[in-house]
Amino acid sequence: MTTPEGRLEADPPPPPPTAVGTLEPPPPPPPAARPESTWGPFAAIYTVLAGLWAVAWTFLFQGGGWVVWQIGLLYNQDSGRAFWPGVTIAGAVTVALAMLPMLFMRRWPAAWAAGGAWLGASVAMLLLAAPKLVPGVVNELALAAQGALALLIAVVAWLIRRPRRSEPQPSGRYWWAAVVGLAAFVPWTWAGALGSWWETGAAVLAAAGCAALAATVLGERFWAPFVDGPAWRRVLGGGATAGVALFMIGTGFGATGVQLLVMTVAAALGFAIAALQTGARAGRVVALAVGPAVLGPLAFVDSDEFVPLVTGPEFGTWAGWAALIAVGAAWLAGLVYALLSSRIIRLPAVGAGVTVVALAAACAVYYTAGSPGTFGERLFVVMGGQADLSGLEFLPRERRLTETYQRLTAYAEATQKELRAELDSRGLSYTPFYLVNAIAVDTGPESRPWLEERGDVARVLIAPRTRPVPAPASPIHGDTAVNGVQPNITQIGAPEAWAKGFDGTGITIGIADSGVDGTHPALASGYRGGADSWFDPVNGTSAPNDPNGHGTHALGLALGRDGIGVAPGASWMGCANLPRNMGNPIDYTACLQFMLAPFPQGGDPFTAGDPSRAPDIITNSWGCPGMEGCSGDVLRPAVQALTGAGIFFAVAAGNTGPDCGSVADEPADLPESFSVGAVNKSGEVTEFSSRGPSSVGKPDVVAPGEEVVSSVPGGGYTALSGTSMATPHVAGVVALLWQARPELAGDIAGTVAALKSTAVPANGARTLSGEQSLSACGGNVAGAGVVSVPGALGL
């Protein structure tokens, strides 16, 4: 060291030693605190608005699309395979546009993370629109495609953004994530039922894909801004943000409305997932919670049935309750985790024990309060040839019935032999039919390819089967007093026939419907009785019953006592083909086959059938649209055989008016059917009554079908509307006609001519907005007119 004068000077002595050694230099000053800009005012406001935008538009597109799609089904309007992909793509693009500005908010990490997650969820929505091209009727294929694509997206994203190695985290949080997922899963084991094993496996794959995709979108990078802050911001802010992303991701899983359940349940997990996050390996927590939760609706709800606007509220009510309970369980878990997460995540043994308890609870609920077993779709395999019934038209009716039965059963036995043998060799159970030469096979779409390749098979139809629910819907209840002959009965002139001694005595009317309350005072005395007068191919009941009420009401209009029926002296037999307001070609064929040759309970239709016990008339207030599996006039051989044997076949035209061309479902659109529309009390065709034009002139006639009073289960009466109500009027008229003019009994052509040539012109037609000309729709608005008892009987 030098002095100012330039002289050398010795360095100063070091500091004196201390008891603990040499003094350390002072530590560097602490870094400046990070500015509290994570949630700046602008970023916070925009993020909240963007999240609301995402939820609102996602729900609008998915929920609104579900309603529009159901309305299309209701009115026989095919939405097309591109409908759901288009809805999903439109929603994804609408949401994504609002997220783009958030990518420039790096100064506010939480807003930037939210924007990235929501944009990622939008991209996932966009990509998962492709599997929605798969028709919902093949639910297992749709689920498998969704799961496989989601897993592929997740793997590719992981490879591109491979996360860095992180320090081990408390393993307890993984167990608790599984607990909340299982808590949301349990309600579905009570409220729903599994499909086939293939469908259940596809649901597991879809749930795994959803979990993997959610874990990818909501990984460590998303959670980093939230776990660094206070716990309340992580749970509330991070949980809500994650819930929005999960709501969007859920749109890609489940078909034709089931995705709404997935979206709702997945979104509810956000707060519980947020409470368990500690930073690293965040995706595992997300996946373990999401997977079991979304498996519930995917495995236990059938997309074919989730159409309450078409089939009634029963098919949506139980799913709605399960979703509500699942959401409540997820939110409750979120609250508990928020209060206790810092402690419980460090207790893996406790978490594992609670997970086992949750699994045991799911099993206990499933086997005690649920519907154990599998309830998959079936296949209706229509054979390449149908029996030749020509040359029977000139035989007496009794001979025609017997000869028809013998020809049909012999032909089916001969032509089905090889296929039955192959089904036996494959271990597949099946039910053969002869009225339509077909076999119902207890298998799903996975067997369809090899069946369609057979040279003796014409086509293979998927027959949806309704899954059981915890309790059936309440049947229609009576709320109307009956005092004397009802106006609709007087409207067609039935009392004039009664005055001449014609009330349908000696004529048997068969009804295929939801069932019949055989104890109702207006119907009990008319039941034909015997071991072969009731058949229930759906539930296997042994005595007439009606869990719905539709069939009881319809039959009362045909032959009910107390002034509600057209032919109160007629007897009846019945078959339940749609006790839950949704059928399929298998059950419809089973009931029609029973009508041709009734057999005792448990009897073999091929050998125990007795055509001499066939009803004279069948009233059918049902239709089989494409959503139930019918196509290509599959039921026409059945109707041809029945009418050829001398059984009058009356069928409802449908309730999809006032559009022209709305008589579109089997069997109303078949040439051999006698199709019936509806008029109101003023004799005007109702706005709901289906119209032509039709190449075979449907509807044939119209009859009272608006606010008509009839019997309902429990002994009461009420008013209902529909062509379902109009059709049994015609069945009753035919019963009066055949009693009065026995030479027409079994003469279908002569009977049709008598009904149509004497029908009274309708007094116009109604639409939703006003009136419609009877000459509209190719002149097929009212058919030949309003059926007339005095005219038909020549009174």
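Glycine is treated like the rest: Cβ placed from N, Cα and C.
Record features (TrEMBL):
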type	residues	note
COMPBIAS	1-10	compositional bias 'Basic and acidic residues'
REGION	1-36	region 'Disordered'
COMPBIAS	11-33	compositional bias 'Pro residues'
TRANSMEM	43-62	transmembrane segment
TRANSMEM	82-104	transmembrane segment
TRANSMEM	111-129	transmembrane segment
TRANSMEM	141-160	transmembrane segment
TRANSMEM	172-190	transmembrane segment
TRANSMEM	202-223	transmembrane segment
TRANSMEM	235-254	transmembrane segment
TRANSMEM	260-278	transmembrane segment
TRANSMEM	285-301	transmembrane segment
TRANSMEM	321-340	transmembrane segment
TRANSMEM	347-369	transmembrane segment
DOMAIN	504-758	domain 'Peptidase S8/S53'
ACT_SITE	Asp513	active site, charge relay system
ACT_SITE	His550	active site, charge relay system
ACT_SITE	Ser724	active site, charge relay system
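On the structure: features taken from TrEMBL.
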residue : record                           : Cβ within 10 Å
Asp513  : active site, charge relay system : 28
His550  : active site, charge relay system : 26
Ser724  : active site, charge relay system : 27
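His550 (active site, charge relay system) is 7 Å away from Asp513 (active site, charge relay system) when you measure Cα to Cα. Sequence-distant contacts of the transmembrane segment (321-340), counting only residues of its own chain at least 6 positions beyond either end whose CB sits under 8 Å from a CB of the stretch, comprise 176, 179-180, 183-188, 190-192, 231, 235, 239, 261, 264-265, 268-272, 274-276, 293, 296-297, 300.
Mapped onto three states, the DSSP output places Asp513 (active site, charge relay system) in strand. At the 8 Å Cβ cutoff, the transmembrane segment (347-369) and the transmembrane segment (260-278) share fewer than 3 close pairs (sequence separation 6 or more) and do not count as touching. Panel annotation: around the transmembrane segment (82-104), residues 46-47, 50, 53-54, 57-58, 60-62, 65, 69, 111-112, 114-116, 118-119, 121-123, 125-126, 128-130, 132-133, 248, 251-252, 255-256 of the same chain, lying at least six beyond its termini, place a Cβ under 8 Å from a Cβ of the stretch. Highlighted: of the candidate stretches 141-160, 172-190, 235-254, 260-278, 172-190 has the greatest count of Cβ pairs under 8 Å to the transmembrane segment (285-301). The transmembrane segment (260-278) shares more Cβ pairs under 8 Å with 235-254 than with any other stretch in the list 141-160, 172-190, 235-254. Cβ atoms under 8 Å from those of the transmembrane segment (235-254) belong to residues 39, 47, 51, 54-55, 58-59, 62, 88, 91, 95, 110, 113-114, 117-118, 120-122, 124-125, 127-129, 131, 143, 146-147, 150, 206-207, 209-210, 213-214, 217-218, 222-223, 226-227, 260-275, 277, 286, 290, 294, 297-298, 301, 303, 334, 338 of the same chain, restricted to positions at least 6 beyond its ends. Taking only the Cα positions, the spacing between Ser724 (active site, charge relay system) and His550 (active site, charge relay system) is 8 angstrom. Following the DSSP three-state reduction, the secondary structure of Ser724 (active site, charge relay system) is helix.
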